[in-house]
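Engineer: So that we are looking at the same thing, I have put the structure below in structure tokens.
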Ligand code: SAM
Ligand code: SF4
């Protein structure tokens, strides 16, 4: 029995795919790399924007043909599976097993039944499941909180992933200890809003306390995603400043620089609050690398609103940014109540924002030339003769392949920068010497 998993979307989905992969392996399934080799194809879906939804539609069309040709079990999980839109698709394309993001631990039961199996419940045991360390990985994700209590008007996530539920700290620490023993050197703590960790469960540590606990476990690098500006508090910044293992890479999505748009997005903070958080980060973590998410062309966004996003970008001077064209998602308040802007307006604004991002990323990247940084080399780069890794600030760094023959942590002097890449040369390995990949 052979299974193949296809994953769309964010790091939470990558983590969930690993979770179901380990469930499958424990049931005796073999994981394979292609649809052709598989008896069971499981698609982990994303519903945040229209594009990934269309990708899933076209993939399910191909899988239905494959099913008609040779018989195939088709599974669908992730955010789209939780939505009516996804369930209509599942019916049309003959999906056999459909699991919402809260029902992943129902997979063994689903595979036992010889009938169509759909589960959209939010099961508590999803939080208790500790997947074994991914084989041979130096870097791994650990979910610390599921769901989202915010109601940003453009976003489908609160509907698909339900309210916030924090995982027990003992489980998180146990999972990280297992990762450490397996040779993982970088752990990323995951949640839609990690700052809210612990708030839903009396007696749990706060996010700042959890950061300190994880930072003291002996894992060289600890990162976290995603923070919400509304509760990115001083004690979190303090915890980062005091804990050397925590990477000073702060991803703080702003979405828009205009208060009028932030209000229509129901983003619970305004420009001044956001800039105050940036000021505090710069004051307490002067070497922090800053990135953000921005949505352009939100319904009703005027040229003046967009200019405010551009001016905020200049005020912060981000190192990196993830920029999205607003995508109307059925089921969200913005879809229901607001009129979408013409596509040409949205695309033209995105182009201008990308120009701004390139300028700033280049300026920021140049500041690293001549400095020595710690790079986690993961493997071959697309560019011939180079290996690729990332530093503690999440910059992609290319190194001549001969200088870093095995994946691991290296000290690298940055020699050159482009808007998107840093180029460097190895000046030493972190002690103990480069950690080779465990043999799979
Ligand atoms: N929870 C995180 C936060 O609030 O920053 C981010 C989660 S969301 C899955 C990732 C990003 O997708 C958001 O920050 C937002 O920029 C973008 N996004 C969400 N809904 C969108 C939509 N309808 N159209 C375009 N981008 C969207
Ligand atoms: Fe979506 Fe807003 Fe929740 Fe982030 S905070 S997942 S953007 S609703």
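Along the chain as shown, the residues are counted starting at 1.
Cβ from N, Cα, C; glycine included.
So TrEMBL says this about it:
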BINDING   10, 46, 79  [4Fe-4S] cluster 1 binding site
BINDING   148, 152, 155  [4Fe-4S] cluster 2 binding site
DOMAIN    1-116  domain 'MTTase N-terminal'
DOMAIN    134-363  domain 'Radical SAM core'
DOMAIN    366-428  domain 'TRAM'
Engineer: Starting from the Cβ centroid of 10, 46, 79, the recorded [4Fe-4S] cluster 1 site, name every other residue in that chain with its Cβ within 8 Å, sequence order please.
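Structural biologist: Filtered neighbour residues, in order: 8, 9, 12, 13, 45, 47, 48, 52, 78, 80, 157, 160.
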Engineer: So how many of the residues in the domain 'TRAM' (366-428) end up helix, strand or coil by DSSP?
Structural biologist: 4 helix, 36 strand, 23 coil
Engineer: With DSSP assignments reduced to helix, strand and coil, which class does residue 10 ([4Fe-4S] cluster 1 binding site) get?
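Structural biologist: For residue 10 ([4Fe-4S] cluster 1 binding site) - judged by DSSP and reduced to three states - the answer is coil.
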Engineer: Got a sec? Which of these binding-site residues, 46, 79, 155, has the most Cβ atoms within 10 Å?
Structural biologist: 79
Engineer: Given the recorded [4Fe-4S] cluster 2 site (148, 152, 155), which additional residues of the same chain have their Cβ within 8 Å of the Cβ centre, ordered by sequence?
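Structural biologist: The answer, listed by sequence position, is 150, 151, 154, 156, 157, 158, 192.
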Engineer: Using DSSP, what is the helix/strand/coil residue split across the domain 'MTTase N-terminal' (1-116)?
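Structural biologist: Reading the DSSP string over the domain 'MTTase N-terminal' (1-116) gives 59 helix, 23 strand, 34 coil.
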Engineer: Helix, strand or coil for residue 152 ([4Fe-4S] cluster 2 binding site)? Use DSSP.
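Structural biologist: DSSP call for residue 152 ([4Fe-4S] cluster 2 binding site): coil, neither helix nor strand.
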Engineer: Let me know the model's mean pLDDT on the domain 'Radical SAM core' (134-363).
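Structural biologist: Overall, the domain 'Radical SAM core' (134-363) comes to a mean pLDDT of 97.
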Engineer: Does any of 10, 46, 79 have a Cβ within less than 6 Å of an atom of ligand 2? These are the binding-site residues; tell me which, or none.
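Structural biologist: None, by Cβ distance under 6 Å.
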Engineer: How big is the gap, in Å, between the Cα of residue 10 ([4Fe-4S] cluster 1 binding site) and that of residue 148 ([4Fe-4S] cluster 2 binding site), rounded to a whole number?
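Structural biologist: Cα-Cα distance, residue 10 ([4Fe-4S] cluster 1 binding site) to residue 148 ([4Fe-4S] cluster 2 binding site): 15 Å.
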Engineer: If you measure residue 148 ([4Fe-4S] cluster 2 binding site) to residue 79 ([4Fe-4S] cluster 1 binding site) at Cα, how many Å is it?
Structural biologist: 13
